[in-house]
Amino acid sequence: MNILQNLKESDPIISNLINSEKNRQETHLELIASENFASMAVMQAQGSVLTNKYAEGLPQKRYYGGCEFVDEIEELAIERAKQLFDADWANVQPHSGAQANAAVFLSLLKPGDTILGMDLSHGGHLTHGSPVNMSGKWFNAVHYGVDKETNKLNFNEIRDIALATKPKLIICGYSAYPRKIDFESFRRIADEVGAFLMADIAHIAGLVATKLHPNPIPYCDVVTTTTHKTLRGPRGGLILCKDKEFGKKFDKSVFPGTQGGPLEHIIAAKAVAFGEALKPNFVNYSKQVINNAKVLSSTLIKRGIDIVSGGTDNHIVLLDLRSINMTGKVADLLVSEVNITANKNTVPFDPESPFVTSGLRLGTAALTTRGFNDDAFVEVGEIIADRLLNPDDLLTEKKCKERVLTLCNRFPLYEVELEASIK
């Protein structure tokens, strides 16, 4: 076998499927809040010869030889992560956000300990104590939600739950909460009940890095995140701490506690993404992400579609479809038929099951990467509203699909052939 063959020659089936996915991304409006488009540089790092290197352990403390260059790469990723988030300690090895959270649990908790996180149906995450996840099986998980009137965090209610349940760990940071998080108020509650405080900023990491969202580092014992989403890096995880000595306990929980060898090609891609996020133009990008979300939210509200909490402070726009007598499952299908990619999502106090839902979650990070601006997002909002408010109108469906293609052609994704990035 010639290992120098390119993908098209060695496996045309996979090559064709990748090209089909590339075409889908280019010709659809990507509004899934947890997705973004990585740069060519990030993808080049992921597809590099670093894929071949095994490197158990930490830089300068490996169990294998030949790690001198991956040590430099990982050390650079660590330093850039610390600089980006004003942290004194970082571990860049977690394979995902879920793995980062698992490592924190292994360090701070024992089976049966009580953890307090947001209810999944209110915008929490599976790894914050859902009964279908190990976090809900190994620990006594209790939950808080949002206020029924405002759909925002109610710290008096959260405090009452914490005082009643005395959790060992309180988790803040969410997957479908569109408002700013008051980490200082969480810190006061954690101190009052003697709990550790963890922030999972997977969705808002890019906004935190650019100081457009409050930074949890000064208030939380530990912070976890993914490196894609608003940070626009490779799919992976990261753990951060303000206290360097406290942070060291998580090193052993990552390896050998929950993982084996790190993925050095992904760590290199993380380093590239952190470097990109440290540049001034990433601040401008993040500002536009938030502005686009506000424009999208206001456009939909004007068309009579309710938005959870009445708006957004980040990249997430969560539609409450009860306002138009529609389920999330139906809405997801309707927008997908005109080449808009989103996901059905529960809303607070949702009467529907998680398989049906009353909400549709949208995010602006990916399309902002393509260059979508205020005017473009007005059009995105109008297309979505036209489709949802006229579900049985075939002419509207046809016109919406044409308008989507016009936007995609106006804002091309990758203007050069992706194969060029790996030659």
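Even glycines carry a Cβ here, placed using N, Cα and C.
Here Swiss-Prot flags Leu120, Gly124, His125, Leu126, Ser353, Pro354, Phe355 as (6S)-5,6,7,8-tetrahydrofolate binding site, drawing on sequence analysis. Positions annotated as N6-(pyridoxal phosphate)lysine by Swiss-Prot, on the basis of sequence analysis: Lys229. As annotated by Swiss-Prot, site 'Plays an important role in substrate specificity' applies to His228.
Here the Cα atom of Leu120 ((6S)-5,6,7,8-tetrahydrofolate binding site) is found 19 Å from that of the residue listed as 'N6-(pyridoxal phosphate)lysine'.
Compared over the recorded positions His125, His228, the count of CB atoms lying within 10 A of a residue's CB peaks at His228. Cα of His228 (site 'Plays an important role in substrate specificity') to Cα of His125 ((6S)-5,6,7,8-tetrahydrofolate binding site): a distance of 16 Å.
Whole-number maximum of the Cα to Cα distances across the (6S)-5,6,7,8-tetrahydrofolate-binding residues Leu120, Gly124, His125, Leu126, Ser353, Pro354, Phe355: 16 angstrom. The distance from the Cα of His125 ((6S)-5,6,7,8-tetrahydrofolate binding site) to the Cα of Lys229 (N6-(pyridoxal phosphate)lysine) comes to 15 Å.
In this structure, of the binding-site residues Gly124, Pro354, the smallest number of CB atoms within 10 A of the CB marks Pro354. Straight-line distance linking the Cα atoms of Leu126 ((6S)-5,6,7,8-tetrahydrofolate binding site) and Lys229 (N6-(pyridoxal phosphate)lysine), rounded to a whole number, equals 17 Å. Between Phe355 ((6S)-5,6,7,8-tetrahydrofolate binding site) and Lys229 (N6-(pyridoxal phosphate)lysine), the C-alpha separation comes to 24 Å.
With every protein chain in view, the residue among the binding-site residues Leu120, Leu126 whose Cβ has the most Cβ partners within 10 Å turns out to be Leu120. A 10 Å cutoff on Cβ-Cβ distances gives Ser353 ((6S)-5,6,7,8-tetrahydrofolate binding site) a total of 11 other Cβ atoms nearby, all chains included. If you take the Cα of Lys229 (N6-(pyridoxal phosphate)lysine) and the Cα of Gly124 ((6S)-5,6,7,8-tetrahydrofolate binding site), they are about 16 angstrom apart, rounded to a whole number.
DSSP assigns Leu120 ((6S)-5,6,7,8-tetrahydrofolate binding site) to a helix. For the recorded site, Lys229 (N6-(pyridoxal phosphate)lysine), the DSSP three-state label reads helix.
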